[in-house]
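According to TrEMBL, the protein has these features:
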{"type": "BINDING", "residues": "Cys133, Asp135, His192, Cys195", "note": "Zn(2+) binding site"}
Amino acid sequence: MAALRPSSVSFDSAVSGPTNSFMGLLHKSPIFDSRKKLVRVGETHLGSLPSVKRNLVSRLEASSDSLGLGQHLTSNKMGNKMESLDKTDQGLDFFEELKHRFLCFKKQKYLEEPEHFQALANAQSPKFMVIACADSRVCPSNILGFQPGEAFMIRNVANLVPPVENGPSETNAALEFAVNTLEVENILVIGHSSCAGIEALVSMRDDVNSSSFVENWVANGKVAKLRTKAAAGHLSFYQQCKHCEKESINHSLLNLLTYPWIEDRERKGLLSIHGGYYDFLNCTFEKWTIDFKRSSIEKEGPKCLVKNRSFWC
């Protein structure tokens with residue numbers, strides 16, 4: 001399978017400009033099957049839930065009556081479009097809308113699936129670890145329909161994975177927990193169109209020491225930027241950004257293999273590493289899997305070869 005190299009990335013004939021830019025801010029200032037191995041809440045040092053474990057089903061049954069949910073909820077189902085926070089009536093407290101959404105979730109999900117939520121109270125066993133951008137427009141649960149218990153997630157600016165030699169971060173802490181404790185079977189890195197974090201990366205000067213938290217973070221994608229400049233430097237800024245959005249995903253996939261415990265599970269066939277790209281301008285999703293046996297993380301010539309590519313539209 002051919003590598004997803006910078007020069008092989010296709011560009012749209014017209015690329016829209018960003019609606020929000022980090023650089024602008026800087027310049028101004030269905031439920032999966034259960035697995036045999038479960039990680040119990042008490043074992044994660046996140047606290048135990050003895051009261052939840054006891055009589056959860058009976059509490060759920062009583063909850064719908066005691067809350068008088070019928071007075072708070074409309075007949076709309078969760079699948080219906082809910083009123084956007086930026087389109088609520090003038091003067092309406094945004095938290096009233098959030099309260100409405102929460103009560104809808106409780107009535108239509110939590111109270112409808114008591115056995116599932118009881119199991120989640122005891123343990124979690126997600127099959128996916130998802131690394132996605134913090135951008136408010138690209139929530140993985142909304143786009144891909146992940147349900148409670150299905151995916152362990154970390155979101156950061158530009159969905160970057162730093163290499164192991166860069167030291168501790170909240171991203172590799174989440175990776176360590178997901179891979180070594182939860183034993184997820186898949187890691188999915190999701191990038192997206194019009195990514196302001198990638199714009200910051202492509203725009204920043206390499207010869208300046210920045211005091212910006214954003215610029216210091218996106219510097220983790222410097223290799224992807226250099227590859228983009230080499231392959232697409234003659235293109236427009238927005239086309240370079242689109243190129244780099246995909247290049248940085250592959251760079252993060254290779255960075256995942258710098259962690260010995262990830263590389264070991266991948267080599268044993270216990271873990272698969274995937275890339276995804278969500279174009280929210282056209283509502284399409286591209287997915288691919290890293291070809292572990294043919295990829296390389298050698299500094300002399302790192303390469304990310306992929307397989308099982310698919311395009312959802």
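Using the three backbone atoms N, Cα and C, a Cβ is placed for every residue, glycine included.
Within 10 Å of the Cβ of Cys133 (Zn(2+) binding site) there are 25 other Cβ atoms, across all protein chains. Neighbouring residues of the recorded Zn(2+) site, listed in sequence order and excluding Cys133, Asp135, His192, Cys195, comprise Ala132, Ala134, Arg137, Val138, Ala158, Asn159, Gly191, Ser193, Ser194, Ala196, Gly197, Ile198, Glu245, Tyr278 (Cβ within 8 Å of the Cβ centroid). Using a 10 Å radius centred on the Cβ of His192 (Zn(2+) binding site) and all shown protein chains, the other Cβ atoms total 24. Counting every protein chain shown, the number of other Cβ atoms lying within 10 Å of the Cβ of Asp135 (Zn(2+) binding site) is 22.
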